[in-house]
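Step one of this worksheet: look at the structure below.
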C-alpha cells in the first residue's frame, strides 16, 4: 500500500541531533521584518499567490470569496486516503474514489514551517474549503521524519475537540505528502499578536482558557503536545481558537517519562533544558509562557543567545512587568514552577480567578 511506501523507504540521511526551534527575537514593535505577510496580503480578496506545483502555477481561483466562507462549509473529517484508494469512508460526504492534488483549487499560502507549507484549498467537486499542508518527501527522508510524520497523522485523526484542528486525512504523490486539515479564516495567533501588540486581559484569558481546555482533553488521552506557541494556534470566528501542528506530539502513558528535547527554545521547560525526564506537565509550563507572551508581546526568558535563555529558564529568572494584573501574574507563576509536580493542573487553570473575573466579558460564553 502506498501509505507504507513512504514509511518504509530506506533512509539516506541521519536525523539531526537538535530538534528544537529557534525563534527570532520577539521584540514585536521594533522588528517589523517578523511579519510573514503584509496587511494587504492578509486581505482575503487580495491576489492569490502561485500554487505549489509548477503545472498548477496558472490555476485560476474564480471565486475569491471562498477564502471567507464560514466554518459551516467545512466538511466532516475526510478519512485517511492514498492517491489510489479511500481507506475510511464518511457516508455524509461524497464517496471519493481517490484524492490527489488535482482535486483541489489552491489559494493563498497560509503559513510556512521548517518542513512544509500550508495553503488554503477548495475541493473542486464539493466546494469544501480546507487547509492543505504540503511536505516534500525528500525532506522527510533527509531528516529521518517518517515515524514522526505517521505519528502526527495518527494523533491528529484520533482527536475530536472544538479547540483542536481537525484532520481530514492525507494523500501523496511521487514527490510530496499532503495533509488535509480544517481551515480557520483568521490564521495564526502569532500574526494577530505581531500586528496588534499584546492582548488585554479579557482576550488573553479567553485564549488561555481555550488552550487549557484543549490540552486537558489531550492529556486525558495520554497525548503531550510538546510545541505550544502562538504560531501553532489558529483563530476562527468569534474568537474560537484551535491548537494545531501535532508534529512533536506523542502518546505517553502517565507512568512513562520522556527525554527527547524538542519544541521551541523560548517555551522549553527546566527539565527539558537540563536533559531530565519529563511528562505531560511540560505543556502546563508552556501554557504559562504563552500567557506571559500574550500579555507582553514576548516570552519571559527570551535572550539573543540560546545558552542564556536556557540559564534563565533553569533559574526561573522571570522579570514580571508591572502592567500585568495581579491575577494574571498569579496564574503565570503557578504554571512556571521548576518542579513539575508543583505546576497548576489544567483543570484548575480553567477555574482560576483571572479566568473567572474576565469570563463574563468574553465575546462568546465558553462551556
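Cβ atoms are placed via backbone N, Cα and C, with glycine included.
The candidates are 76, 269; Swiss-Prot tags 76 with the feature phosphoserine. In Swiss-Prot, the feature phosphothreonine is attached to one residue out of 82, 165, 260, 309, namely 260. For the pair residue 227 (active site, proton acceptor) and residue 260 (phosphothreonine), the Cα-Cα distance reads 12 Å.
The recorded positions under consideration are 227, 260. Their Cβ neighbour counts within 10 Å are lowest for 260. Over the domain 'Protein kinase' (104-355) the predicted model carries a mean pLDDT of 93.
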